[in-house]
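Worksheet: one structure, shown below.
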Amino acid sequence: AGAGVAAPAPAPPGLFTVVDYIIFALLLVLSSAIGLFYALSGGRQRTVQEFLLANRNMGFLPVALSLLATFQSAVAILGVPAEIYRFGTEYWFLGCSYFLGLLIPAHVFIPVFYRLRLTSAYEYLELRFNKAVRICGTVTFIFQMVIYMGVVLYAPALALNAVTGFDLWSAVLTMGLVCTLYTTLGGLKAVIWTDVFQTLVMFAGQLAVIAVGARRVGGIGRVWRVADEAGKISGIDLNPDPYERHTFWTLAFGGVFMMLSLYGVNQAQVQRYLSSRSEREAVLSCYAVFPCQQIVLCLSCLTGLVMFVYDREHPLAPAHGRASSDQMVLYFVMDVLQDLPGLPGLFVACLFSGSLSTISSAFNSLATVTMEDLVRPHLPGLSESRATLLSKLLALGYGLLCLGMAYMSSMMGPVLQAAISIFGMVGGPLLGLFCLGMFFPCANPTGAVTGLAAGLAMAFWVGIGSLVQNMRAPGGAPPPNSTAVPAAAANITAGLVATLLPSTPAPQSPTGLQKFYSLSYMWYSAHNSTTVILVGLLVSLLTGPTPGEAVDPRTIYPVLPRLFCCLPRRCRDALRCGRSDGLPNGPAGNLAPVGVPGREEEEEQGYIRTAGAPTYTVQETSF
């Protein structure tokens, strides 16, 4: 969001009153207090289980609100209204993708992950393939999150500084240190409950802007009428062209893959599912996110429409007219709320809540995968107390690294856009890797590593190619149908795409590679994950597919036999690749394999696989 933040004249000093500063300070104090509370109460974060997984004892509602807050960053709070303001309500159809994007994780990914009693999602890759695949997945995720978290800390602070005069590095340091404090002290339980509190603050800030802004232009009814007359209320565009930036198909179906990369296999979200007290609570949390996501999308879209109508009747000052669209959202908010002491502070708290919730989730998930995937396997005799201390030190270390990445973001300039793009580039290939393992029993470790490498290469080729092409375009700006931020992970940074897009007409239709680079960013996750699956399957077949009896049935979800249930039995048997149809384990928790050779022992942190060829009890369960 900060890539377009140049240096327009800051808002007049004194815009913030004492009440505003008090409200903003309360956000930080209460967030820190929640961390201190969980550091000094209950089990006091003395075990890795409690620190990283909240002792697997969370209810579905706080988990659902935490799932929502994790990827509802300040970038989206600024970016989605800017998208609606500039291009109309076509983006609203992204809400259609939420249904499948949350239903599939609830009934496919959660049962598999929860019944394996994992701590890190990448433990699954070792159970399904081998340790090399697990390390590849872990390193890819760490790279993705480290690059992104500095940007998500720095960009909103930069936009805020440009508009309100709020000191830039004071904002960055305050957010970074407060977030590091409560994440390190309170563990995942503190992160989840601060997410709940920060979600309520985000709702309150957006509602205040909509209510006050709509009242000043004659009510929501008039807002809708004026926006409709101006052509900002979009109809259903059924154009199937994947090179069109936003159409119904692009948003409703391309968006499903982006949602799956977030809510299906991303460690930050999987960790929340695994913190639930039962599999049922984990599934309910996924269901509960659906209406919450719809509300968030509606609030952001209404903010954009109110902003559009307000701007027609109260144009920005000439000095502000050249601002980037994310700044325009802030100028609008500060102009609307300036006569109401406390409300500007509430909106700033809303922005900072978005950043805090995203960054704290990044710290915690990074500490988890580093501990479980990179440290524990090499230190099998590590005591519980030392492991817990090391986990806290990792969270602290990632917090300090985040501040360093924020400083690097300030030095990046145009490269900032590429850093944001990297987040989305990596999400699709990781989704493809998990789908390859879960849905295709014949896939082998060689195919998995090769497929992941091919998916990442494809993602970076198309993404960076698109970025370079856009920078070479006249004025260095991308055409409206292209994508400045490839696969910017839907809910996390989809709004950012609007921020970096111009309102100028599109040039002549591109051809050749230029056409390829113009693929809508909403199809990037689908494109990259499909690349992983196809390459992985091809390499697996060429190097010798995994025999059915060698696959741990707990790691497989037989989706193909169920999708093609009308085929003859012989075809369906071939699709099973020698595995029995149905999710293993029967009821959740019935996890122990049968047979002394290869017996696995359940421990607090999951399962330790021992040598031998296991014999499993497979029980049919329904979708």
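Backbone N, Cα and C define each Cβ position, glycine as well.
TrEMBL lists 21-40 (among others) with the feature transmembrane segment. Away from its own ends, the transmembrane segment (21-40) comes close to residues 174, 178-179, 181-187, 189-190, 193-194, 197-198, 201, 342, 345-346, 348-349, 352-353, 356 of its chain (Cβ-Cβ under 8 Å, at least six residues beyond either end).
Positions annotated as transmembrane segment by TrEMBL: 60-80 (among others).
Sequence annotations record features per position, and here TrEMBL assigns transmembrane segment to 92-114 (among others).
What TrEMBL lists as transmembrane segment is 135-156 (among others).
Proximity of distant same-chain residues to the transmembrane segment (168-185), defined by a Cβ-Cβ separation under 8 Å and at least 6 residues beyond the stretch ends, is recorded for 28, 31-32, 34-36, 38-39, 45, 153-154, 157-158, 160-161, 191, 194, 352, 355-356, 359-360, 363-364, 392, 395-396, 399-400, 402-403, 406. Annotation source TrEMBL lists transmembrane segment at 168-185 (among others).
Among the features that TrEMBL reports, transmembrane segment is placed at 192-214 (among others). Residues 27, 30-31, 34-35, 38, 54, 58, 62-63, 65-66, 68-70, 72, 77, 182, 186, 220, 223, 272, 275, 295-296, 299-300, 302-303, 306-307, 310, 332-333, 336-337, 340, 343, 346-347, 349-351, 353-354, 356-357, 360-361 of the same chain sit 6 or more residues outside the transmembrane segment (192-214) yet have a Cβ under 8 Å from a Cβ within it.
For 247-265 (among others), the entry in TrEMBL reads transmembrane segment.
The feature transmembrane segment is assigned by TrEMBL to 286-310 (among others).
Residues or ranges marked as transmembrane segment by TrEMBL: 346-369 (among others).
Look at TrEMBL and you will find 389-409 (among others) tagged as transmembrane segment. Here the transmembrane segment (389-409) has Cβ contacts under 8 Å with residues 2, 45, 48, 51-52, 146-147, 149-151, 153-155, 157, 172-173, 176-177, 179-180, 183-185, 187, 359, 362-364, 366-368, 370-371, 375, 382, 416, 419 of the same chain, all six or more residues outside its ends.
Positions annotated as transmembrane segment by TrEMBL: 415-440 (among others).
Under the heading transmembrane segment, TrEMBL lists 447-464 (among others).
Counted over residue pairs 6 or more apart, the CB atoms of the transmembrane segment (346-369) and the transmembrane segment (247-265) come under 8 Å in fewer than three pairs, which marks the two as apart. Counting Cβ pairs closer than 8 Å and at least 6 residues apart in sequence, the transmembrane segment (447-464) and the transmembrane segment (135-156) reach three or more and so form a contact. The stretch in 135-156, 247-265, 286-310 that contributes the largest number of Cβ pairs under 8 Å to the transmembrane segment (92-114) is 247-265. Sequence-distant contacts of the transmembrane segment (247-265) (same chain, six or more residues past either end, CB-CB distance under 8 Å): 67, 71, 90-91, 93-94, 96-98, 100-102, 104-105, 108-109, 121, 236-241, 286, 289, 427-428, 430-431, 434, 487, 489-492, 494, 520, 522-526, 529.
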